[in-house]
Amino acid sequence: MNNHFKCIGIVGHPRHPTALTTHEMLYRWLCTKGYEVIVEQQIAHELQLKNVKTGTLAEIGQLADLAVVVGGDGNMLGAARTLARYDIKVIGINRGNLGFLTDLDPDNAQQQLADVLEGHYTSEKRFLLEAQVCQQDCQKRISTAINEVVLHPGKVAHMIEFEVYIDEIFAFSQRSDGLIISTPTGSTAYSLSAGGPILTPSLDAITLVPMFPHTLSARPLVINSSSTIRLRFSHRRNDLEISCDSQIALPIQEGEDVLIRRCDYHLNLIHPKDYSYLNTLSTKLGWSKKLF
């Protein structure tokens, strides 16, 4: 065993037997290598592991040096919002579909992870967004997002009228089905489907992408990630929501505004040494191959 990582957390919410098999393989392999291993409580229960150290995501974030997330991007997003609050590195084994955030191939994960544990990896910091639903002199409702914060109707799709302020300066008003506010990490997710630009992860930028705007002039807008975005609503309704990574919903009540800004903390994401963001885009999005 080396000194790069001493305590490793195993994280994920398995949805099919093959994912559970990967969790079990990973646990037993790390134990034979002499690492201290903390298994997320739900995984330990489903695998019926005995005499194993278990913990919540927060406890893994506090105690472990590295968290290995087994699953798809959805599992990674759910875990990363909590793990980003702590000084822990995170890597993923892909047991989902595209796997933009989960680099390791499940068929070769053991060898790839062995190289990472020997210190052969690259690291990067991915910033998160913080969304606040607030009204003057009232308690705020707050959540965070790795990919995007989305304004949308709560139940039935309909046009929303709202105003956008950037650093408290009026930017534009819009009638649309909603608005996607995305990080560079989320620029290959929901934002991309709505016609937003792809941003490389190192950019300190946020994109604002309209959803089906009732105009031909609305276009995605890219702003500095240090900016604060305020959403105000011209016709008060009580059926609007803000969703974070399509996993957490915050209802918007009459008279409330929405504030979106960059979080104070980052996700410490690591990759195998041969990782290339552009190669990932080409592979996942089916871009054309080189001509010569």
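If you go along the chain as it appears here, the first residue is 1 and each next one adds 1.
Heads up, the Cβ atoms here are built off N, Cα and C, so glycines get one too.
The NAD(+) binding site annotation in Swiss-Prot covers D73, G74, N147, E148, H158, R175, D177, T188, A189, Y190, S191, L192, S193, Q247. Under the DSSP three-state reduction, N147 (NAD(+) binding site) is assigned to coil, being neither helix nor strand. For N147 (NAD(+) binding site), other Cβ atoms within 10 Å of its Cβ number 30.
When secondary structure is read from DSSP and collapsed to three states, D73 (NAD(+) binding site) falls in the helix class. Annotation source Swiss-Prot lists active site, proton acceptor at D73, citing sequence analysis.
Minimal Cβ crowding within 10 Å, among the binding-site residues S191, S193, is found at S193. S193 (NAD(+) binding site) falls within a helical segment according to DSSP. Those residues noted as binding NAD(+) (D73, G74, N147, E148, H158, R175, D177, T188, A189, Y190, S191, L192, S193, Q247) have their most widely separated CA atoms at a distance of 31 Å. Candidate binding-site residues: D73, D177. Fewest other C-beta atoms within 10 angstroms, D177.
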